[in-house]
Amino acid sequence: METISTFAKKLWCVKKQLILFLTPLILLPLLFGLPEKEGKCLYVVLLMAVFWCTETLPLAVTAMLPVCLFPTMGILPSKKVCPQYFLDTNFLFLSGLVMASAIEEWGLHRRIALKVLKIVGVKPAWLILGMMITSAFLSMWLSNTATTAMMLPIANAILESLFGDLAILKENCKVKDETGGQRQVKLHALPSEKQILSIDGSDRMERSDGRTGEEIRTESEYQMKVWKGFLICIPYAASIGGTATLTGTAPNLILIGQLKSYFPECDLINFGSWFAFAFPLMVFFLILGWLWISFLYGGLNTRLCVKKQDERAQAEAKAEAVIDEDYRKLGPINFAEGAIAFFFILFAVLLFTRDPKFVTGWSTFFNKGYVSDATTGMIIVSILFFFPSQKPSLSWWFDSRAPNNPYVPLLSWKKTQECVPWNIILLLGGGFAMAKGCEESGLAAWIGAYLQPIAQVPPAVAVMFITAFLACFTEFASNTATIIIFLPVIAELAMFVKVNPLYFMIPATTGCSFAFMLPVSTPPNSIAFASGHLLVKDMVKTGFVMNILGILSVSLAINTWGRAMFSLETYPDWARPSNMSSTVTDIQFPSVPPFNLTSL
């Protein structure tokens, strides 16, 4: 028995190496049991899917496999594969990452966070709402991982100001009043107004509390619930917020890239039109999520609307003082912060108004099709590399005693190299290359032909099924890998059943960001779980309902304002087979009556 146990441990130690060598061998039958090109492409797709899900190789390295395998296996020539790694969509994403690094460099995100918390107040439910609003807003522009990493220390500091030390709080949850009398329990005093949010572990004063053990235990359990609610709301809000903008999360950009590959004549989705659709959806889902988390973790009570002068009110006043003090220490907004705020707003406004579809955009001043969102983004972020971080002064030229300080722009390339996750850009490119291979080889159309049963269900049900399936799948794989694998199949399925492809592809893309149930589902979940204050069952219990709320929210959005914005009730000309590659049009599909969206 001991020998078996030792052998199992050794196998576990080399599991990645075993997956790396065994997976290609196990998948070999696909090369001989399927049509030649489709079988080869499916072999590469499944190989990459396994490597992505298990992280046998770094995600970026797996993303580069199409450069090696597509040309050598005769699926796609190298001159068609390599350009996929730097489409204009990648430059749009890069511009968003560069803008985010500039915001982080000058601390503008921290000022925004503290300002929102000052506005919403310090009652638990309002603070949870403030945390979620701030996390969602920042995640629209920063990565959800960076947003979570920045917000969690702020949350922990506020929680310590409200409830004291967490270790003492956990001990008080175990207090039992066996004698029925009063016991004195040591509690940490609340931090003084001079303490800032980044608590440094300095000694606290101690006080005594004359409540009964049962009262101590009940109050401590309530405080622990609120603490968990604070921690869990931040990664969830960051994941939700990223769906609101094209640059907020990678799956949104994967959608744009694959639309341009599959449907070159489709120009309905850009930064402005996506924001007009996804932002109301994000706000609606965020409110539902706030209500659920506040209800589950004790934040919804009469204290939301009624002021009470009790111990909780005193703690809330102290927490408010801590936030005010930390915001005061930031001082007035300096020239660099003001400049970054200006360019950030200009960045968002220009992207939104370039071609919002519902009104004429400024892109009409240029040759049609020449200026894209990538052009706009790169123009703005390029300015950051030469715009001064100190206020220019004409008097400096005429003052011989003025110090000759070196010129410092708002952003340096060295800082950009350190902050931009270049591996994600390669991951995006790998997704576009995989999609191109699936399209050119006919694999996506071949798989779509086998999804005929879905054609028999009502369209609204099909949308809910697709969103739910991808939301579940992304619990175990990265959202980028998930959408890369399934979006080509979903596009072919939509054409097969004669439904506007956007009707399936938009919910699928959004659903890939709804990874709420497991710590390993997404990096923000992992960061929150690593704090040590959350249990897996907390995330499963909260995330299961969050997934249901997300699926219902997406279904509502796509069948109401999404339907009107993108004319989803009709099958568009840009999706007809004449606009597709010859490999796709050669495949004969059985006739299926088209979906009738007007019956919804």
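Just so it is clear, glycine is given a Cβ too, placed from its N, Cα and C backbone atoms.
The transmembrane segment annotation in TrEMBL covers 17-34 (among others). Counting residues 6+ beyond its ends, the transmembrane segment (17-34) has Cβ neighbours under 8 Å at 11, 40, 42-43, 46-47, 50-51, 54, 56-57 in the same chain.
Taken from TrEMBL, the feature transmembrane segment covers 41-65 (among others).
Counting same-chain residues at least six beyond the ends of the transmembrane segment (85-103), those with a Cβ under 8 angstroms from any Cβ of the stretch are 67, 109, 141-143, 146, 245-248, 250, 253, 256-257, 260, 271, 340, 343-344, 347, 372-378, 380-381, 384, 410-411, 415-416, 419-421, 424-426, 428-430, 432-433. The transmembrane segment feature in TrEMBL is assigned to 85-103 (among others).
Feature annotation from TrEMBL assigns transmembrane segment to 124-142 (among others). Sequence-remote contacts of a segment are chain residues at least 6 beyond its ends whose Cβ falls under 8 Å from one of its Cβ atoms, and for the transmembrane segment (124-142) they are 96, 99-100, 103-104, 109, 112-113, 116-117, 148, 150-151, 155, 158, 162, 226, 229-230, 233-242, 244-245, 247-249, 282, 286, 289-290, 293-294, 297-301, 303-304, 344, 348.
Per TrEMBL, transmembrane segment is recorded for 229-256 (among others).
The transmembrane segment feature in TrEMBL is assigned to 268-293 (among others). Through the fold, the transmembrane segment (268-293) approaches residues 92, 125, 128-129, 132-133, 136, 229, 232-233, 236-237, 240-241, 243-247, 252, 255-256, 259, 299-300, 351-358, 361, 372-373, 502, 506, 510, 542, 545-546, 549-550, 553-554, 556-557, 561-562, 565-566 of its own chain, all at least 6 residues removed from its boundaries and within a Cβ separation under 8 Å.
Annotated transmembrane segment per TrEMBL: 333-353 (among others), in sequence order.
The transmembrane segment annotation in TrEMBL covers 365-387 (among others).
Listed by sequence, the residues of this chain that lie at least six past the ends of the transmembrane segment (460-490) yet keep a Cβ under 8 A from its Cβ atoms are 45, 49, 52-53, 59, 249-251, 254-255, 258, 262, 424, 427-428, 430-431, 434-435, 438-439, 443-444, 447-448, 451, 454, 499, 501, 503-505, 507-515, 517-518, 520-522, 547, 550-552, 554-555, 558-559, 600. The transmembrane segment feature in TrEMBL is assigned to 460-490 (among others).
Among the features that TrEMBL reports, transmembrane segment is placed at 542-561 (among others). Away from its own ends, the transmembrane segment (542-561) comes close to residues 232, 236, 240, 277, 280-281, 284-285, 288-289, 292-293, 296, 460, 463-464, 467-468, 471-472, 503, 506-507, 510-511, 514, 516-518, 521, 568, 600 of its chain (Cβ-Cβ under 8 Å, at least six residues beyond either end).
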With a Cβ cut-off under 8 Å, give me the same-chain residues at least six positions beyond the ends of the transmembrane segment (365-387) that come close to it. 88-92, 94-96, 98-99, 102, 246-247, 270-271, 339-340, 343, 346-347, 350-351, 354, 409-413
